[in-house]
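Here it is, the structure, as structure tokens.
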Amino acid sequence: MAYQKIVFVALMLVLAVSAMRLPDQQDQDISVAKRVACKCDDDGPDIRSATLTGTVDLGSCNEGWEKCASYYTVVADCCRRPRS
């Protein structure tokens, strides 16, 4: 009986987590406002006068974005949308 309760609780947790996920839409990036700005390599030498054109992404850059700085580690990358 305890095994059935554990399985039932695990299934309910999986259902709750999957119901909270938002659909992945390429034209709508909700998390942009929550990102932190960062300085790309070509923004200029001084951080105070440079325009911060990149955003910090944990892990690696999102699909369709490019890594624009070489000074971030495996934990985070400075990324931006490719310039046309």
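A Cβ is built for glycine as well, from the same backbone N, Cα and C atoms used for every other residue.
Just lifted these from Swiss-Prot, have a look:
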DISULFID  Cys38-Cys78  disulfide bond
DISULFID  Cys40-Cys68  disulfide bond
DISULFID  Cys61-Cys79  disulfide bond
SIGNAL    1-19  signal peptide
Looking at the disulfide-bonded residues listed here (Cys38, Cys68, Cys78), whose Cα lies nearest to that of Cys61 (disulfide bond)?
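For Cys61 (disulfide bond), the spatially nearest of the disulfide-bonded residues is Cys78.
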Could you measure between Cys78 (disulfide bond) and Cys40 (disulfide bond) for me? Cα positions, answer in whole angstrom.
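About 7 Å separate the Cα atoms of these two residues.
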Measuring Cα to Cα, tell me the gap between Cys40 (disulfide bond) and Cys79 (disulfide bond) in whole angstrom.
8
How long is the line from the C-alpha of Cys68 (disulfide bond) to the C-alpha of Cys79 (disulfide bond), rounded to the nearest angstrom?
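Computed Cα spacing between Cys68 (disulfide bond) and Cys79 (disulfide bond) is 5 Å.
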Inside 10 Å of the Cβ of Cys68 (disulfide bond), count up the other Cβ atoms and send me the figure.
23
Quick check on the disulfide-bonded residues: of Cys38, Cys40, Cys61, Cys78, Cys79, whose CB has the lowest count of neighbouring CB atoms inside 10 Å?
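If we count Cβ atoms within 10 Å for the disulfide-bonded residues Cys38, Cys40, Cys61, Cys78, Cys79, the smallest count is at Cys61.
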Cα of Cys38 (disulfide bond) to Cα of Cys79 (disulfide bond): how many Å, rounded?
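Between the Cα atoms of Cys38 (disulfide bond) and Cys79 (disulfide bond), the distance comes to 8 Å.
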